[in-house]
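Residues or ranges marked as region 'Disordered' by TrEMBL: 1-21. For 25-105, 112-202, the entry in TrEMBL reads repeat 'Solcar'. The transmembrane segment feature in TrEMBL is assigned to 31-49, 172-195, 215-238.
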Amino acid sequence: MREQPEAPLEKPEEGKRAKIPEDHHWHSRSYTLGAISSFLSTFVTFPIYKVVFRQQIHAVSVPEAVSQLHQEGLHRFYRGIYPPLLAKTLQGTLLFGTYDNLLQALSPTGPSRLWQRWVAGFLSGAMEAVVLTPFERVQNVLQDGRKDARFPSTSSILREFNSYGFWERLALGYYQGFLLVLLRNSLGSALYFSFKDPIRDSLAEQGLPCWVPALVSGSVNGTLTCLLLYPLSVLVANMQSQENKCPRVEESD
């Protein structure tokens, strides 16, 4: 299940976009903080994600999914973590940086409008899908316990995909389920960024500590977006965990 990342730090007011030096300073900080926060949150929440994934694939209850992981042992508990660690770190860096730059282009001098935030979020989510779909594909194959014998490691999956022809390598390998991922990520990012700042600003008017509005806005908005698009995440997980019987590329003598 794809989680919407929380904003790494509260942004300056949209009306101050005309101050170019501050914008550049913010962009560089958002890239760094987005990468660090995404890395740490992915490592900490990976066990929860793995339980959710087992529920999606095997259609079992939470206790049964936890029991499956317990039977597999601690040494396999973090199996499949490297693709999401790399993907989520890239996601935190790419998503916020791309969104900020697109929004700056759409609204260079004044407060942004809803449609501008929607377009910037939608396009940044689309770019995220193009870059990160291969990581999610490998991750979903690794986390399916039924594939342990055939694919014991990441390298075994990469060898399998690379043995396909070029178009099959994309359509049946790294980018299987891409259209669903594109739809989920684009809509998810558009919804997340469209309402995150208005919710934050409304909470800030209540006189709360400066860090509370950003935290609550990112968490609540991200959770609601994930719940709304959860059916797409289930479809993606099931489609990307499937094996494909694809003819290998013939090696020339």
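Note: Cβ is positioned from N, Cα and C throughout, glycine not excepted.
The helix, strand and coil residue counts that DSSP assigns across the repeat 'Solcar' (25-105) are 72 helix, 0 strand, 9 coil. Across the repeat 'Solcar' (112-202), DSSP helix (H, G, I), strand (E, B) and coil residues number 76 helix, 0 strand, 15 coil. For the repeat 'Solcar' (25-105), the mean pLDDT of the prediction comes to 78.
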